[in-house]
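**Student:** Among the features that TrEMBL reports, domain 'ABC transporter' is placed at 1-207. The feature transmembrane segment is assigned by TrEMBL to 298-320, 335-355, 376-402, 408-432, 439-461, 537-556.
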Amino acid sequence: MGPLGAGKSTFLDMLAGRKDPKNVSGIVYLNGRPGDVKCVSTYVTQDDSLMGVLTVRENIKFAADLCFPASFSRLEKYAHVQNIIREFGLERVADNKIGTLFVRGINSGEKRRCAIASQVITLPKVIFLDEPTTGLDSAAAYNVMSAIVSMAKKHELTVVASIHQPSPETYALFDKLLLLGHGKTLYFGERDNALTYFEKLGFPCPPYNNPADHYLRLVNSDFMNDITEAEQRITSFSISFSKRNIRGVNKEIDDLIAKSGGHGEVILIKTRKEYARSLLAQTLILMKRSFKNATRNILMYWIRIAMYMCLALLMGSTWWKVGLEQKNIEDRFSAHFFSVTFLSLMSVAGIPGFLEERLVFQRERSIGFYSVGPYVLANTLISTPFLMIITLSFSIIAYPMIGLHENIYNAINFLAFIFLTLFVAESMVIFISAAIPTFVAALAITTFANGFYMVIAGYLVRRSALPEFLKWCHHIDYQKYSFEAIIQTDFVGLTFNCNDEPECKCIFGVNSTGTCELSGQDILDYYGYTKINLNEWALALMGLIVFFRFGFYLILRFRKGRRR
């Protein structure tokens, strides 16, 4: 315990083995020998991010599926889930959803208990808790800590927690107290003995005061008028502890090591298994959970499906049966360009859903539930059918209403390239959101990137007119490949008549038909859209999908907050 900046979380991280060993001195003993504490412990962070559309039971069940090895039967895992729900007092809300912006869920105390329960379901021998009561009222904080204490006593677990300003009832649940100030040990020992200790130093706790509040007032220098006096008090407490108690603490440690006789179980890093489940099992479990999240969470895909259907109706009514006359050629180009660019721009609607899911990923990965690869693969596989649904919902409305090429082969090509466009846009969105996990920043950069691609796609400005320093960007522009493939699919095979001009004047290119008509290929040649190969353009789009997805993997793999 200690005020803000006292070093509570840092010390907890060092005990739990979450800090780089190069920057840490000292030894952590397990069973009387140096060992890797991570083998027998779990670290519960302050973050209580959970899948909001899943129930309490489902969140804990998925944690059990990921944490328990394949040797555990379904019945055994179910029993563990039921026990942990009961021990944390969550039976009443077990089948309630956690809650989202659109769905009313459980309260903050119940959510915190659910988050902790999902992380300690394997009942590790040592549990590290980083300020588990932060943001909770005194009643909720007591209920959370009481559940943890009951579980620890029942299963003979050791709990090490950092806590900030507990209520008297919550403070009384602890056995020992380590009081920190400015990174220094000011007291360590039995909780009850702290009152006598500080009274001997001349700082008795006033009657009816919360001892925890009294200690924090003594060691909190932020609000003392004289900074020098505050520093001197902290230093004097540290020196007093060193003189009075440090020998006793060291003797207790020596006695414990000697008592084990050096015969304790050796727990080394090399004996540690990285994950409880195989990579394939992790992927399948994450796919199952992601599918439930995607079907229930309207922020993931359903809002976009509604948006794209509305856009399709807007386009269909605006470009209704666009026609095959010369005057309709530019309208036809515009319809295709609008389809590609605005579908791409609207992919930013997926940012909130991904950022919500990313918080869950960060927490679960940091405590060793699964690795990055299965998460990225599950995300990719689950997004595929939903992107196809979006493609179909847009295309089956817009395609016939606009009056595009009435041929099944052309319609399938249109669907395929719209799908690939959405897949690239989706991949770019999660790539940028993973790199810059702030909604406003991710939204701004993604919108700028799509706007930039729109400008250099070759429609608003001809490819030949692009500045030299932008021409290389043109060749990595996914909207260029999508737009060119779609106009190739639509125009080739169509014939446009020039009867709307006097003397049969065809103003778009050279008339190669010998009649008062223009072929679709003539028009594409006139605009410079030559040498378009649908197979190569599809491969280019798939290559961009792989590029963004692989970049997404690398960002998650090497970003701070790695697996401990």
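Every residue gets a Cβ built from N, Cα and C, even glycine.
Worth saying up front: this structure is predicted, and the values here are computed from it rather than measured.
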**Student:** Do the transmembrane segment (408-432) and the transmembrane segment (537-556) come close, with at least three CB pairs under 8 A (pairs 6 or more apart in sequence)?
**Tutor:** yes
**Student:** State the residues, same chain only, that lie 6 or more residues beyond the ends of the transmembrane segment (335-355) and have a CB under 8 A from a CB inside it; answer 'none' if no residue qualifies.
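**Tutor:** For the transmembrane segment (335-355), the far contacts come to 297, 299-301, 303-304, 307-308, 311, 315, 319, 322, 394, 398, 402, 418, 421-422, 425-426, 428-430, 433, 437, 439, 442-443, 446-447, 450-451, 453-454, 457, 459, 478-479, 482-483, 486-487, 490.
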**Student:** Should anything in the same chain at least six residues away from the transmembrane segment (376-402) have a Cβ under 8 Å from its Cβ atoms, list it; otherwise answer none.
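**Tutor:** Non-local partners: 283, 286-287, 290-291, 294, 300-301, 304-305, 308-309, 311-313, 315-317, 319-322, 335, 339, 343, 411, 414-415, 418-419, 422-423, 426, 430, 549, 552-553, 556.
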**Student:** State the non-local partners of the transmembrane segment (537-556) in its own chain: residues 6+ outside its ends, Cβ under 8 Å from one of its Cβ atoms.
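**Tutor:** For the transmembrane segment (537-556), the far contacts come to 361, 365, 372-373, 375-376, 380, 416-417, 420-421, 423-424, 427-428, 430-431, 434-435, 476, 478, 481-482, 484-485.
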